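Here is what TrEMBL says about this protein:
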COMPBIAS  509-521  compositional bias 'Basic and acidic residues'
DOMAIN    28-477  domain 'Major facilitator superfamily (MFS) profile'
REGION    501-521  region 'Disordered'
TRANSMEM  21-41  transmembrane segment
TRANSMEM  82-105  transmembrane segment
TRANSMEM  112-132  transmembrane segment
TRANSMEM  138-159  transmembrane segment
TRANSMEM  179-198  transmembrane segment
TRANSMEM  204-223  transmembrane segment
TRANSMEM  286-307  transmembrane segment
TRANSMEM  327-345  transmembrane segment
TRANSMEM  352-373  transmembrane segment
TRANSMEM  385-405  transmembrane segment
TRANSMEM  426-447  transmembrane segment
TRANSMEM  453-473  transmembrane segment
Amino acid sequence: MAIGAFVDAPAAGSGGYSGRVTPFVVLTCIVAGSGGILFGYDLGISGGVTSMDSFLKTFFPEVYRHKQDSNVSNYCQFDSELLTVFTSSLYIAGLIATLFASFVTRRFGRRASMLIGGTVFIAGSAFGGAAVNVPMLLLNRILLGIGLGFTNQSIPLYLSEMAPPQYRGAINNGFELSISIGILIANILNYCVVKLAAGWGWRISLSMAAVPATFLTIGAIFLPETPSFIIQRDGDTDKARALLQKLRGTTSVQNELDDLVSASNLSRAARYPFRKIFKRKYRPQLAMVLLIPFFNQLTGINVMNFYAPVMFRTIGLKESASLLSSVVTRLCATFANIIAMLVVDRFGRRKLFLVGGIQMILSQLAVGAILAAEFKDNGLMDKDYAFLVLITMCVFVAGFAWSWGPLTFLVPTEICPLEIRSAGQSIVVAVVFLMTFVIGQTFLAVLCRIKSGTFFLFAAWICVMTLVVYLFLPETKKLPMEQMEQVWRRHWFWKKIVGEEGDKEEEEKERQEKKIDSPSS
């Protein structure tokens, strides 16, 4: 990982903190961040196997017949309710699981959720490799979804709490890099196994998901808990201090420890984090943990992750060529992820959001225009235009990979105070899974009906979300998470809600609630 570039660099303290990025914090974050490979592997593998003829013949023969029928529109070849259920059932399971994961993460720790998620993911992989019918495939997807619900909820929290504030962006972005690496591994594996003459390459693809899950599960056994959770669980400041000193490479950790203790005291008083996050003082955080993952999915990125091989086959590339094209686009994304890790703490979150947004808008408009002009209902697209679509898609995924991809998991975890952090991250993951499910269920049907207009629709949504970031998201780089409240009090819009007037209104509301709850004399 590119995190290693920071190992030997002393880091001037942010918010009065001191220390540097030590090999110990890098190692722990690499092990934890590798859980992103699980999510990425699944995103990449599902689109690849659904483009394999042997897989379609076995489980989705109707889709295979549509592909062979020259009278079926190019835009409608893969339009199958059963196929979309296979692809997206995972995300409903993940949505439900992440709500339970919030309780586990808060009560038993971040490691506990990683262990549960990794173990369930291994079980799901076994059912995928051994599947002989559609119900077994769906059980595979449901178990994988449960596993991802736990890992995606806990890992970004773990990374943000272990990282020094001045490098929190780079280290947390390691999770998105792991997702990209997972997709890349899946794309390469799909490209290799599709050539197997026996036609069972898809079994290898589905069962190999157990490898990264086993690495995470074994690694999580040896990971330390975060200093925040140690203090939150049992108030053991000595143990937390010793861990902080090991993580930061210095004995001067008292300022950071004091902030963690203060945040933990507030967290203990918050008995119901899901209820508390709806209070007025947390209105900015609630808005962002809802909007950022919602907009993330409306970029159209999971169209690429799910259906890239399907799309490239649709526009005229053969089976192996379409899988190879997916490898190329993912290599571009992985390179962009590394760039994001290097620049996110220097240029900040807002600039990456805005630059990436503009890049994705132009890319989606270009793809829509090419398809509208050159890709008709029947017949194949000219190969030169097909490769032009591939190049434009590479520009698109690169724009996502250094902006909305990593920042969707980074920004919500760093803006939420400890007392609502687990609830906030659960909302993020739940919204990601819900919107991924919706996109997965509807994309092929929408593509069949409005054709190239689908990409113009995505471009319009990216315009909206880029404007929202410009107007309503303040910069959060290098600021300690325990001191994040001040950015909202200075923001032109949010200060009206969480400033002095908001505090007075919140205090009056709490007094009224106490009067109602207190027994009458």
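Yeah, the Cβs are placed from backbone N, Cα and C, and that goes for glycine too.
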Self-check item: Other parts of the chain folded back onto the transmembrane segment (327-345), taken as Cβ under 8 Å at six or more residues beyond its ends
Solution: 1-3, 5, 44, 166-170, 173-174, 176-177, 180-181, 183-184, 187-188, 191, 304, 308, 352, 390, 393-395, 397-403, 405-407, 410, 477-478
Quiz prompt | Annotated stretches the transmembrane segment (138-159) and the transmembrane segment (21-41) touching (3 or more Cβ pairs under 8 Å) | solution = yes
Quiz item: Taking every residue in the domain 'Major facilitator superfamily (MFS) profile' (28-477), what is their average pLDDT?
Solution: 87
Self-check item: Range from 112-132, 385-405, 426-447, 453-473 with most C-beta pairs under 8 A to the transmembrane segment (82-105)
Solution: 426-447
Quiz item: Hey, which of 112-132, 204-223, 286-307, 426-447 has the most Cβ-Cβ pairs under 8 Å against the transmembrane segment (21-41)?
Solution: 204-223
Quiz item: Which listed stretch (204-223, 286-307, 385-405, 426-447, 453-473) has the most C-beta pairs under 8 A with the transmembrane segment (179-198)?
Solution: 204-223
Quiz prompt | Other parts of the chain folded back onto the transmembrane segment (453-473), taken as Cβ under 8 Å at six or more residues beyond its ends | solution = 287-288, 291, 295, 298-300, 303, 349-350, 353-354, 357-358, 360-361, 364-365, 367-368, 371-372, 404, 411, 443, 446-447, 491, 493-494
Quiz prompt | Interface present between the transmembrane segment (204-223) and the transmembrane segment (286-307) (three or more C-beta pairs under 8 A) | solution = no
